[in-house]
Amino acid sequence: MRDSSLKRSLGVDLTRSLKESRVLLVGAGGIGCELLKNLVLTGFGEIHIIDLDTIDLSNLNRQFLFRHEHIKKSKALVAKEVAQKFRSDAKLEAYHANIMDAQFNISWFESFNVVFNALDNIAARRHVNKMCLAANVPLIESGTTGFNGQVQVIQKSQTECYDCTPKQTPKSFPVCTIRSSPAQPIHCIVWAKSFLLPELFGDSEDETPEVDKTENADNANEIAELRKEALELKELRQSIGTEEAYQKVFDKVFRLDIIRSQDMKEMWKEKEPPEILDFAQLQEESNSIAPTISTNDQKVWTLGENFSVFKDSLNRLTHRLKQLQEKHLPDQDPPILTFDKDDVDTLDFVTAAANLRAANFHIELKSKFDVKQMAGNIIPAIATTNAMTAGLCVLQSLKVFQNNLMHAKMVFLERSGARVINSESLNPPNPDCAVCSPVIARVEIDSEVATLEHLIQDVLQMELGYDGGVSLAVDSLMIYDPDFTDNLKTKLSDLGIKNESFITVNDEKDTRVDIELMIVARNEPSSEDSKPATLQKPVEIPLKPAKPAEPSHDAPATDDATVTGKRKREGSNDDSSHDAKRLASASIPDSNGIEAIVLDDDEGGAIMIDD
Ligand SMILES: Nc1ncnc2c1ncn2[C@@H]1O[C@H](COP(=O)(O)OP(=O)(O)OP(=O)(O)O)[C@@H](O)[C@H]1O
Ligand SMILES: [Zn+2]
């Protein structure tokens, strides 16, 4: 956008603030590419981009800054190079690196006015959240899955942080559901992928996280039975490579195991018991089926077709494993085959085996395409969702630049509700959040000299007024409490505490909020009269707030609720009052008398119109 257009839509003051700003964009993937383009074209002055990855063929359909010739090159560097062409005077800086590296320390974070997260994993999101809190820099957090998107503004002490609400953990299934009583297609797919395939060709399922093997009194017998079954399968593995292997596997898993399951009468009181499959009949049917059937991934195959693919893919995998075994050297680990959604042989096997099992248990069969999505935990990335989310990130950041956090919003994109874009006001910080509730106190230390005792006596007792009743921990590891004083004379450096380490201080009486001591190592050795550990500047430590009667932070994330792992806006689908909300149009004159036309739906983000 030309400068004059920017001034007309944003106003002179805001345009100037953006031009003078220095912002960080973390992630140059789906959202990141869109966001970088937006930031450059909205006139942000200095933009630093970081991404640890290189460009992959599969990125090109939506990460529009990248072209075929960029494959294998750094995302951050290429994104910078391409975006520079949109505005030659934009100052862009790129880092091909992990944002969690120590070089990106708190002082570096402090040098930015705003940080934008365009990441794809919780670990990196949590890290940036923590760094922005420590550096007191506003963070615009964003994420998408499929048609859902979410943007959240985070500002220390004023809003919820990324960790104020619990996060969804990857789904796992109880072992008995997977192995004895599947009820949905996904149970059969997980069985084929995480149990049958590894038992025949790889490591056993003991290592796969999708199966929860927690035992209790009720299922102990069942688990013992399952162990016996698994042992039989291991024996069966010996027959892999022989002509009749597929028949033996079929006979065990789709007939014998099912007969055993039918005998557990208790289990089938309320449900229809499973049914065995007829090998001879399926063999007969499969004779007339062309081997090309497995390439038809949109069609739900018939039982005969599944049988045919099962037999064929088992032979293909057997052949591959044999070849690997022939090349195998004695000092290497024995070769194995593992599931990969892009490995056709393993995908064919998992699809066919899952469907045959589904037929045993009267469960709907799935196409190979669907199995690929489900087994690979794939939710398609949608370019439009990323583009809209990136646009919303910029709109929310404008509120931060206008010092108008009051009107910043948590914004949601969703397809199912009455409106695609929904929003809610930002929540205040969760007083129980372990990440943002502690007050941060910076403590300067002389690493050569300072001991734990210096820290406790000089800083905590003398400067901050604690009595002896505190406990101290580093990364959840206790280093001091009134009954554990062994480390008092130990140097902080010998306890692994260095520049930018955090020490959590807990008031044993539980009257003051927790504090985090952030260690700042002095560059110069301390002069003779200065203490080895001192508070950098005074801090006030508030008393713990009384618990609210109605907890508002315990809404667990539900299956479909999250994209960045956050709580979903309550009632977003059924609140008909939203339909009635109107766009309020307002003209806001800025200090130079130039009018910015802002359409602001008093619920959602502002929509600025360039006239
Ligand atoms: N710790 C990190 N430091 C820097 N960049 C990171 C870090 N973790 C993730 N990223 C980057 O964040 C980006 C997230 O983008 P996106 O969600 O589109 O993922 P993608 O890998 O590009 O695509 P997809 O996962 O959909 O195949 C990726 O480019 C990824 O490399
Ligand atoms: Zn928090």
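Including glycine, each Cβ sits where the backbone N, Cα and C put it.
Because TrEMBL annotations are produced automatically, they should be read as predictions rather than curated entries.
From a predicted model like this one, the values you see are computed outputs, not experimental measurements.
TrEMBL lists CYS176 with the feature active site, glycyl thioester intermediate. If you draw a 10 Å sphere around the CB of CYS176 (active site, glycyl thioester intermediate), it holds 20 other CB atoms from the protein chains shown.
TrEMBL lists 27-32, ASP51, 59-62, LYS75, 120-125 with the feature ATP binding site. According to DSSP, ASN61 (ATP binding site) is assigned to coil rather than to any helix or strand. Counting only same-chain residues at least 6 apart in sequence, those with a Cβ under 8 Å from the Cβ of ASN61 (ATP binding site) are ALA383.
Residues annotated as Zn(2+) binding site in TrEMBL: CYS161, CYS164, CYS433, CYS436. Just so you know, the Cβ of CYS164 (Zn(2+) binding site) picks up 23 other Cβ atoms within 10 Å once every protein chain is counted. In the three-state DSSP assignment, the secondary structure recorded for CYS164 (Zn(2+) binding site) is coil.
Across all of the coiled coil (214-243), the predicted model scores a mean pLDDT of 69. Annotated coiled coil per TrEMBL: 214-243, in sequence order.
Annotation comment: TrEMBL describes 570-582 as compositional bias 'Basic and acidic residues'.
According to TrEMBL, the feature compositional bias 'Acidic residues' maps to 598-611.
Sequence annotations record features per position, and here TrEMBL assigns domain 'THIF-type NAD/FAD binding fold' to 9-433.
Feature annotation from TrEMBL assigns domain 'Ubiquitin-activating enzyme SCCH' to 282-372.
DSSP places the residues of the domain 'Ubiquitin/SUMO-activating enzyme ubiquitin-like' (443-524) in helix, strand and coil in these numbers: 16 helix, 30 strand, 36 coil. The domain 'Ubiquitin/SUMO-activating enzyme ubiquitin-like' annotation in TrEMBL covers 443-524.
According to TrEMBL, the feature region 'Disordered' maps to 524-611.
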Recorded positions whose CB lies under 6 angstroms from ligand 2, from ASP51, ASN61, ALA123, CYS161, CYS176: CYS161
Pairwise CA distance, CYS433 (Zn(2+) binding site) versus GLY27 (ATP binding site), rounded so that it is a whole Å: 26
Euclidean distance between Cα atoms of CYS436 (Zn(2+) binding site) and ALA123 (ATP binding site), Å: 16
Distance-selected binding-site residues near ligand 1 (C-beta under 6 Å), from ALA123, CYS433, CYS436: none
Summary of DSSP states over the domain 'Ubiquitin-activating enzyme SCCH' (282-372), given as helix, strand and coil counts: 57 helix, 0 strand, 34 coil
For CYS433 (Zn(2+) binding site), the three-state class that DSSP assigns: coil
Among GLY27, GLY30, the one of these binding-site residues whose Cβ has the fewest neighbouring Cβ atoms within 10 Å: GLY30
Nearest of the recorded positions (CYS161, CYS164, CYS176, CYS436) to ASP51 (ATP binding site) - Cα to Cα: CYS161
